[in-house]
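Copied over from Swiss-Prot:
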MOD_RES   Ala2  N-acetylalanine
DOMAIN    4-135  domain 'Galectin'
MOD_RES   Lys13  N6-acetyllysine
MOD_RES   Lys29  N6-acetyllysine
MOD_RES   Ser30  phosphoserine
BINDING   His45, Phe46, Asn47, Pro48, Arg49, His53, Asn62, Trp69, Gly70, Thr71, Glu72  beta-D-galactoside binding site
MOD_RES   Lys108  N6-acetyllysine
MOD_RES   Lys108  N6-succinyllysine
MOD_RES   Lys128  N6-acetyllysine
Amino acid sequence: MACGLVASNLNLKPGECLRVRGEVTPDAKSFVLNLGKASNNLCLHFNPRFNAHGDANTIVCNSKDGGAWGTEQREAVFPFQPGSVAEVCITFDQTNLTIKLPDGYEFKFPNRLNLEAINYMAADGDFKIKCVAFD
């Protein structure tokens, strides 16, 4: 998959927050934020789908270990709107990643790779990143 943004050597530690803010395109179908060790070792594949892959207004999360996808987790809460600005905050520990959505709703996704640091981020799709911050 071609990526709009790829960053490496992030060294995000447990408890630190990764904030990603950007604009959802007016004709958005989906976008992706991938976090992990490398492109084939992802602790989080975060994929809000407006209308893509048979899903509508659904957030699909997954992990990838050595290139093999895990089991998808779906979230029905969908605060994203085409043509709007959105911010997502992601923190993690040894057990879970916590994803805070633009409306303040939080959900957890298991840290299946047991990563102690997140060094890789990639973004793609119908989301123009304006700011990436570490808190």
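Note: Cβ is positioned from N, Cα and C throughout, glycine not excepted.
It should be emphasised that the depicted structure is a prediction, and the values quoted were computed from it without experimental measurement.
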Self-check item: Which modified residues sit within 10 Å of Arg49 (beta-D-galactoside binding site) - Cα, from Lys29, Ser30, Lys128
Solution: Lys29, Ser30
Practice problem: Calculate the per-residue pLDDT averaged over the domain 'Galectin' (4-135) and state the result as an integer. | Solution: 95
Exercise. In whole Å, note down how far the CA of Lys108 (N6-acetyllysine) lies from the CA of Ser30 (phosphoserine).
Key: 20
Quiz item: Do you know the DSSP helix, strand and coil residue counts for the domain 'Galectin' (4-135)?
Solution: 0 helix, 86 strand, 46 coil
Quiz item: Closest to Asn62 (beta-D-galactoside binding site): which of the modified residues Lys13, Lys29, Lys108, Lys128, going by Cα position?
Solution: Lys108
Practice problem: Taking the Cβ of Lys128 (N6-acetyllysine) as the reference point, list residues of the same chain whose Cβ is under 8 angstroms away and which are at least six residues distant in sequence. | Solution: Gly4, Gly22, Glu23, Thr25
Exercise. Could you measure the widest C-alpha to C-alpha distance across His45, Phe46, Asn47, Pro48, Arg49, His53, Asn62, Trp69, Gly70, Thr71, Glu72, the residues recorded as binding beta-D-galactoside, and give it to a whole number of angstrom?
Key: 18
Exercise. Between the Cα atoms of Gly70 (beta-D-galactoside binding site) and Lys108 (N6-acetyllysine), find the distance and write it as a whole number of Å.
Key: 16
Quiz item: Here are the recorded positions: Lys29, His45. Which has the lowest count of other Cβ atoms within 10 Å?
Solution: Lys29
Quiz item: What is the interatomic distance between the Cα atoms of Lys13 (N6-acetyllysine) and Lys108 (N6-acetyllysine), given in whole Å?
Solution: 17
